[in-house]
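Trainee: Below is the structure I would like to discuss, written out as C-alpha cells.
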Amino acid sequence: MIGSVTLIVLFCGSFYPYILDHFGYYVPTIKWLREFGLVRGISNLDLTLGQMSVWHIFQAGFSSFSDPYLRINTILLIVYTIYIVEHKSWIQLCFIPVLLLFSQSPSPDMPVIVFSLIILCEVLRKNRNTLFLFAFSVFVFVIKPTMIWLPLLGFLYSAFIVKSKFANLIPGFLIALLFFIKNIWTFGYPVFPIAFWDLTGNWKPNPEVLKLSSELAIQKTYDMQYSYEEIQQFSIVDYIKNWLLLEGIKSKINILFTFSLIGFVIFTCIKRNKITSLICLSVLAKSILVLLFSAQYRFFIDVFL
C-alpha cells in the first residue's frame, strides 16, 4: 500500500508546477527569504512579501542544498500516507487525489490541510496529549491564518473535553507570539493583511495601500464581477444573493459550501456529541470570519474536507 501510493505521489510531484501562485508568490517569497531573510517593513516594498508564510520560511531553509526544486510538499504527502497506513485510517486515502494537486509547488495549502486532518483524527480518537494538539494546531494557524478554527478547536477540546491544565497551552501561545512578532517586523501589524492593533513606528504600509488591498479582497469575494462602489450599495439580501449566483463555477462552489455547512450543523444537532459540537462551533466561527472579510472559496476549502 505505502509503496504504491508513494510511487503515485512521486510521479505526480515530478510534474511541472501549474499553480499560478507558484511563480507569482511562492518562488519570489522563498528566494527573498533565502537571500535576505526577514526584513523589517518589507511590505512597503511589496505587500505580499509582508505575509511570508512560516511554511515558506521553513522551505527556504532547505531550498539551497536539499530541495532546490521546491518539492517538500511531495515528501509531506508521503509522510501523510505513512500516517494513514500506520493508524489504519483508510477513509483519509480519499483526500490523496485532491492533495496531489499541490504536490508540485510549495503551497501552504498542502500542509494546513494535511495537518488539520491529522489533528482532527487525533481529536476524534480522544488523544489526551493537549500540549501537542494545541501547539500543533497553533502551528497550522501560523502557516495560514485562515485556519483559525483549528487552534480554537484545540483550545475548546483542552478546556471542555480533556480539562487539562493551563500550562499545557503555554507552548501554543508562545508559537502564536512568535508569529505575531514576525508579522509586526515584516508587515507592521500582528496579522497580515489586517491593519489592527498598531504597535509600530514608521515601517508599516501606507494606509492607502491597505485600503486598496481591502477593497480588492471585497471585489474578489464576488470574483471581480462587481466594482467596489457597486458592492457598497448592496443590501444584505444582495450580498447573499449575488455571492451565491456568481457567473461560472464559483457560484456552484459557494452553494456547495453553504449546503455543506448547513448539513454539518444539522448532523451535529442530531448526533449531540460534545466533540462534534466543538468542531461545528469552531468551523462556524471560522466561516463567519471568512464571510465577513473576504468570502473567497480558497479560504474555506478546508471546510469541505
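Just so you know, glycine gets a Cβ as well, placed from its N, Cα and C.
Any TrEMBL annotation is an automated prediction that lacks curation.
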Trainee: From the ranges 6-28, 98-120, pick the one that TrEMBL records as transmembrane segment.
Mentor: 98-120
Trainee: Determine the mean pLDDT over the domain 'DUF8201' (4-305), rounding to the nearest whole number.
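Mentor: So the average pLDDT across the domain 'DUF8201' (4-305) works out to 85.
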Trainee: With pairs 6 or more apart in sequence, are the transmembrane segment (169-192) and the transmembrane segment (253-270) linked by at least 3 Cβ pairs under 8 Å?
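Mentor: Contact between the transmembrane segment (253-270) and the transmembrane segment (169-192): absent, because fewer than 3 Cβ pairs are under 8 Å.
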Trainee: Within the same chain, where does the transmembrane segment (277-297) have neighbours whose Cβ lies under 8 angstroms from its own Cβ atoms, ignoring anything closer than 6 residues to its ends? I mean 6 or more beyond.
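Mentor: Distal contacts: 120, 123, 146-150, 152-153, 156-157, 160-161, 194, 217-218, 220-221, 243, 250, 253-254, 257, 261, 264-265, 268, 303.
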